[in-house]
6 protein chains.
Amino acid sequence: MRPSGRDLSEMRPISIETGITKHAEGSCMIRIGDTHVLCTASIETRVPPFIKGSGLGWVTAEYGMLPRSTSSRMRREAATGRQGGRTVEIQRLIGRALRAGVDRSALGERQITIDCDVIQADGGTRCAAITGGWVALRLAVNRLMAAGEILSDPLLDPVAAVSCGIYAGQPVLDLDYPEDSEAGVDGNFIMTGSGRLIEVQMSAEGTLFSRDQMDQMLDLATKGVGELAAAQQAAVQ
Amino acid sequence: MRPSGRDLSEMRPISIETGITKHAEGSCMIRIGDTHVLCTASIETRVPPFIKGSGLGWVTAEYGMLPRSTSSRMRREAATGRQGGRTVEIQRLIGRALRAGVDRSALGERQITIDCDVIQADGGTRCAAITGGWVALRLAVNRLMAAGEILSDPLLDPVAAVSCGIYAGQPVLDLDYPEDSEAGVDGNFIMTGSGRLIEVQMSAEGTLFSRDQMDQMLDLATKGVGELAAAQQAAVQ
Amino acid sequence: MRPSGRDLSEMRPISIETGITKHAEGSCMIRIGDTHVLCTASIETRVPPFIKGSGLGWVTAEYGMLPRSTSSRMRREAATGRQGGRTVEIQRLIGRALRAGVDRSALGERQITIDCDVIQADGGTRCAAITGGWVALRLAVNRLMAAGEILSDPLLDPVAAVSCGIYAGQPVLDLDYPEDSEAGVDGNFIMTGSGRLIEVQMSAEGTLFSRDQMDQMLDLATKGVGELAAAQQAAVQ
Amino acid sequence: MRPSGRDLSEMRPISIETGITKHAEGSCMIRIGDTHVLCTASIETRVPPFIKGSGLGWVTAEYGMLPRSTSSRMRREAATGRQGGRTVEIQRLIGRALRAGVDRSALGERQITIDCDVIQADGGTRCAAITGGWVALRLAVNRLMAAGEILSDPLLDPVAAVSCGIYAGQPVLDLDYPEDSEAGVDGNFIMTGSGRLIEVQMSAEGTLFSRDQMDQMLDLATKGVGELAAAQQAAVQ
Amino acid sequence: MRPSGRDLSEMRPISIETGITKHAEGSCMIRIGDTHVLCTASIETRVPPFIKGSGLGWVTAEYGMLPRSTSSRMRREAATGRQGGRTVEIQRLIGRALRAGVDRSALGERQITIDCDVIQADGGTRCAAITGGWVALRLAVNRLMAAGEILSDPLLDPVAAVSCGIYAGQPVLDLDYPEDSEAGVDGNFIMTGSGRLIEVQMSAEGTLFSRDQMDQMLDLATKGVGELAAAQQAAVQ
Amino acid sequence: MRPSGRDLSEMRPISIETGITKHAEGSCMIRIGDTHVLCTASIETRVPPFIKGSGLGWVTAEYGMLPRSTSSRMRREAATGRQGGRTVEIQRLIGRALRAGVDRSALGERQITIDCDVIQADGGTRCAAITGGWVALRLAVNRLMAAGEILSDPLLDPVAAVSCGIYAGQPVLDLDYPEDSEAGVDGNFIMTGSGRLIEVQMSAEGTLFSRDQMDQMLDLATKGVGELAAAQQAAVQ
């Protein structure tokens with residue numbers, strides 16, 4: 001029934017390749033099916049003004065799509081002179097999600113910026129960005145710990161995200177683009193590896209939804225995040 | 001236990017005053033406690049390029065805060081030269097929410113723009129904007145129907161929104177600013193008057209949350225939206 | 001002869017309601033007929049760089065129109081990414097006018113920003129903004145004096161403004177929009193309550209004018225400002 | 001008493017040199033003492049959307065200062081990414097003033113853009129721009145008439161402008177920069193060669209003013225505009 | 001003598017991997033040592049206004065660097081709101097260079113946009129972008145020819161580019177970042193595979209240069225472009 | 001054979017008039033035939049952040065064209081809100097070229113900004129800007145030396161620039177606009193008065209070129225720069 005032939009609760013193949021760029025303190029290419037996102041973590045000693053002197057750290061994110069990551073070419077945001085509303089919304093989400101998994105006091109007064117650049121898009125880029133972004137963050141923090149700059153680990157539980165939706169009347173896990181563009185309800189679920197909730201966003205796109213459907217999507221998401229967290233752990237070992 | 005002395009499941013006083021400006025096709029001032037938002041609906045015959053010729057209508061929204069709607073003055077977005085990320089995120093949410101309650105085919109090929117300008121802010125401005133925005137939309141559509149320009153009603157079920165959160169460890173309904181700034185979890189719930197879900201956004205802000213807590217917040221939200229929908233109906237009669 | 005049926009030297013009804021928003025140090029809604037402007041005063045301790053250390057204060061103003069304050073919807077300036085030429089010109093005028101009535105040395109090294117947001121426009125918004133802006137300023141200064149932060153009153157004489165023009169060949173006082181859009185000459189007159197001149201702007205819009213006509217407009221303006229100053233005094237008591 | 005040693009009612013030397021650039025349909029360099037402004041007129045067949053099809057023409061103006069036209073270097077507006085408020089205000093004034101002297105129906109459906117670029121500034125640049133701008137406009141219209149594209153002359157009466165102010169307590173004509181920066185009252189007077197008024201702007205800058213002083217300034221301005229109009233006529237012959 | 005231990009006339013290892021993204025009509029990842037650039041070609045049927053109706057095609061390019069392609073993180077140009085001067089200069093160069101190798105009449109009235117995004121930078125990114133950009137262009141044109149949309153091949157001779165410079169007093173081929181940042185003279189040479197010149201840019205950066213040195217750099221560049229053209233041919237077969 | 005009737009190796013008439021504006025520390029109007037560029041030098045004590053405390057000086061340049069310097073009016077860059085790619089590229093070139101002739105250590109920690117504003121364009125504006133910019137720079141440095149603020153001369157050798165190209169199959173010197181718009185190859189050559197090379201840019205515009213042609217253009221350029229350097233020396237005496 002799904003265009004890809006997957007089962008309703010079946011994720012696309014997950015691959016996380018680390019060490020993609022030599023300059024970044026942490027980096028990976030995450031591939032969820034045909035969605036490929038390059039994630040890098042950059043450590044800086046300066047922090048935003050509102051936490052200066054607080055002893056707390058900060059994690060923030062930026063998101064972009066290469067112009068031809070999509071089936072028809074998009075205008076380059078640097079050329080249009082502004083980041084679109086969707087970009088702003090997504091990068092705020094990524095930053096908020098990753099911060100929820102960080103003990104900012106253990107991180108200390110430094111900032112880590114996670115850049116998520118979509119090389120190829122096929123649905124679910126924001127979820128891939130969060131999942132891959134956490135891997136880049138983990139690698140950068142490992143480096144700080146190895147160098148003795150951080151003493152207690154600020155990352156207690158991995159953070160991962162997956163989309164679910166109502167497609168052709170059925171709840172499905174991990175929507176690809178053909179499903180996403182037809183789905184009546186679309187949701188993004190961000191959780192820790194141990195199943196605690198960080199952020200839930202469900203949105204009707206043509207079809208209103210009930211609490212029952214919401215519960216079914218949450219069940220699927222819990223399964224998907226479990227698989228993503230396992231892939232994250234394998235990648236950072 | 002709440003700073004305002006309200007019960008955990010108690011809304012702030014709701015007031016919706018219509019006919020605020022003589023120019024707009026629909027308008028109201030919605031007051032949820034000390035949060036005051038002016039909502040206007042403007043009907044235009046042009047539609048966005050992507051639906052031109054489709055016979056379908058469009059509803060979109062813009063959101064702004066007056067510089068001194070907040071306790072310390074914010075910079076005016078027109079002067080900074082760009083709408084901030086929060087503004088963009090909120091106005092996209094308002095537009096999406098209201099569109100979910102519109103039969104765009106019955107609306108016909110016209111655009112209605114809902115402007116939501118916050119006169120005084122005390123938490124929950126985006127929810128007030130959606131709830132008041134629907135009233136402005138309803139009034140504008142009534143005018144089109146009275147003029148015979150629309151034959152069947154495109155607004156079948158009212159749309160309203162309310163926030164819930166975990167404050168001091170307890171799920172509470174309709175957060176005001178003192179609660180919002182301390183809440184460990186913050187959620188916005190957009191529903192129809194008959195209780196169908198349009199959009200759910202829950203976000204950990206310091207405390208992760210469980211599915212149990214999520215369910216409790218949904219129960220509170222359902223109660224709150226019921227009261228808001230009753231106020232909407234009273235206002236538009 | 002006037003569309004509204006007013007006498008040539010008759011102002012529209014004047015209403016000034018103070019205490020409109022709980023956050024601002026001073027605020028009012030001024031209504032000159034169907035022109036409604038919300039004015040707030042915000043006190044800040046920082047001053048512009050060019051007077052830092054001088055012991056002098058500063059008063060500045062910003063002006064905006066809500067998108068649907070006009071008969072057809074205007075684009076939101078925050079969305080277009082810049083304030084238009086008319087906006088810039090008006091807010092510079094408001095700031096200049098109000099500063100002319102301030103003893104900046106008595107004010108001391110602090111800045112007061114007057115925000116003037118047009119809720120409903122029907123001609124004469126800049127004059128209403130100046131007149132209402134002075135009320136907001138007066139209330140904010142009262143608060144500083146009550147708190148003992150200012151010892152001698154920096155506001156010696158109220159500042160008010162009114163428009164006059166040549167409509168259908170006759171000098172008239174306080175143009176509303178139907179008159180304004182047809183007037184051959186349009187003028188704005190800013191004076192103190194005691195009749196001293198602060199700024200005079202007269203502009204031919206289709207018809208050149210003579211010194212005689214200029215004198216007649218000044219006579220009308222003097223009458224109008226007298227009535228506005230009385231309303232200001234009543235409002236701030 | 002004046003820094004330059006001029007009499008109270010004495011203009012600076014006036015020079016208008018035409019034919020400055022080979023490309024423009026009309027051009028001149030106007031020099032009022034040490035204030036030098038290059039004015040060009042460009043004829044275009046397109047008109048702004050709001051008059052398309054009306055048979056009426058349009059005259060508009062743009063104003064700029066070269067970065068080192070002033071005693072210390074100003075930032076280039078093209079580099080800062082926006083025209084400042086003062087620039088916008090001045091170019092709107094120039095356009096309005098010149099249009100007041102044009103029979104737009106005789107001009108026919110075409111646009112003439114007057115560019116006024118300040119090469120060297122020493123006070124009174126906006127007045128010099130209007131006076132020189134009219135010369136460029138006159139030359140461009142002459143060319144249209146010579147080519148038979150316009151049959152009846154749309155420029156009936158020259159337009160010129162001069163500043164007056166209260167300097168050291170005395171009304172003076174044609175302020176240079178040292179006077180302008182100290183003046184208590186500053187005014188710009190735009191008139192036709194035959195003495196009809198187009199625009200009057202008087203503004204208190206530190207000292208309020210009376211109607212008597214306003215009258216004295218108008219007398220001075222009438223004298224100055226007469227001399228400017230004579231120089232314009234000499235230049236365009 | 002070179003930091004990398006290379007001979008003066010030795011290129012870094014060259015690798016060109018095609019078919020990198022599934023959406024683009026042509027794509028490759030070009031790696032010149034540690035400089036990695038992703039190049040995509042996008043075919044569009046619209047052309048710039050200035051060639052509409054001419055029957056000629058257009059090739060244009062855009063260039064960007066991922067924020068962490070460099071040793072310390074750069075600000076994202078989409079976030080700063082403008083492309084920097086270096087970016088603009090480089091993308092104009094890439095477009096000009098590739099157009100020089102295209103028979104625009106054989107291409108027909110369509111536009112091909114080459115996007116060059118630097119994944120990892122180590123000197124010579126603009127040359128890598130041109131060399132890889134030609135491969136993406138070649139693949140996109142192959143697809144048009146295979147589909148019968150183009151009948152005669154518009155790409156007669158490959159286009160490639162290489163940098164040379166004076167490093168430690170000696171002319172060297174293909175500067176990497178450590179050399180580039182120390183070079184006294186820096187040049188970029190764009191040629192066809194058959195050795196005709198398209199663009200030569202040599203620039204003193206601390207040391208002036210003579211015609212002899214210029215000749216030596218040209219000899220090196222000719223050798224380098226030969227090797228790059230061979231790699232291009234191998235990649236597109 | 002050339003539209004102007006000049007010999008292949010003949011420059012247009014060169015004129016350099018100094019002391020054009022009273023405010024700038026150095027200024028000239030350079031006229032190369034009908035190309036007229038106003039160049040000013042402004043000395044500032046602040047330097048860019050990256051050399052603060054280094055003891056080294058900085059020379060930078062900005063370039064602009066007056067809107068009607070060209071045969072049809074261009075949009076004013078200040079009004080469009082950004083400097084175009086061509087402007088950015090040219091002003092970077094001017095700055096780089098002039099810096100190559102400066103001993104930045106002898107200049108000391110100060111910045112000199114060269115503003116080059118094109119009053120009338122007829123081809124070769126960037127070369128005229130460099131040649132005239134050096135004269136403005138020389139005059140400003142002379143003033144610093146006369147005042148004893150600089151002890152040893154930081155300008156050892158004049159810097160000048162000229163264009164050459166292949167026009168109608170023949171190498172020609174100093175292209176004017178009619179030649180430039182038809183040339184198959186276009187080059188800019190920046191040299192010192194003693195013939196050392198600073199920057200060479202040759203670009204195919206329709207016709208590829210050989211090393212022989214490149215050599216012929218260099219010969220022409222050397223002749224042209226010699227004449228320009230003589231004019232510079234005459235102007236600054």
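Including glycine, each Cβ sits where the backbone N, Cα and C put it.
All TrEMBL annotations are machine predictions without curation.
Keep in mind that what you see is a predicted model, and the values were worked out from it rather than measured.
Among B:Arg86, B:Arg99, B:Arg104, only B:Arg86 appears in TrEMBL as part of the phosphate site alongside B:Gly124, B:Thr125, B:Arg126. Using the Cβ center of B:Arg86, B:Gly124, B:Thr125, B:Arg126 for phosphate, the list of other same-chain residues with Cβ within 8 Å runs, in sequence order, B:Tyr63, B:Ile90, B:Val118, B:Ala121, B:Gly123, B:Cys127, B:Ala128, B:Ala129. Across all of the domain 'Exoribonuclease phosphorolytic' (B:157-224), the predicted model scores a mean pLDDT of 95. Taking each Cβ in turn and tallying the other Cβ atoms within 10 Å, the top scorer among the binding-site residues B:Arg86, B:Arg126 is B:Arg126. The Cβ of B:Gly124 (phosphate binding site) has 24 neighbouring Cβ atoms from other residues within 10 Å, across all protein chains displayed.
DSSP classifies B:Gly124 (phosphate binding site) as coil under the three-state reduction. Counting only same-chain residues at least 6 apart in sequence, those with a Cβ under 8 Å from the Cβ of B:Thr125 (phosphate binding site) are B:Thr35, B:Val37, B:Met65, B:Ile90, B:Val118. Under the three-state DSSP scheme, B:Arg86 (phosphate binding site) falls in the helix class.
Mapped onto DSSP helix, strand and coil, the domain 'Exoribonuclease phosphorolytic' (B:10-140) counts 42 helix, 41 strand, 48 coil. Applying DSSP to the domain 'Exoribonuclease phosphorolytic' (B:157-224) sorts its residues as follows: 18 helix, 30 strand, 20 coil.
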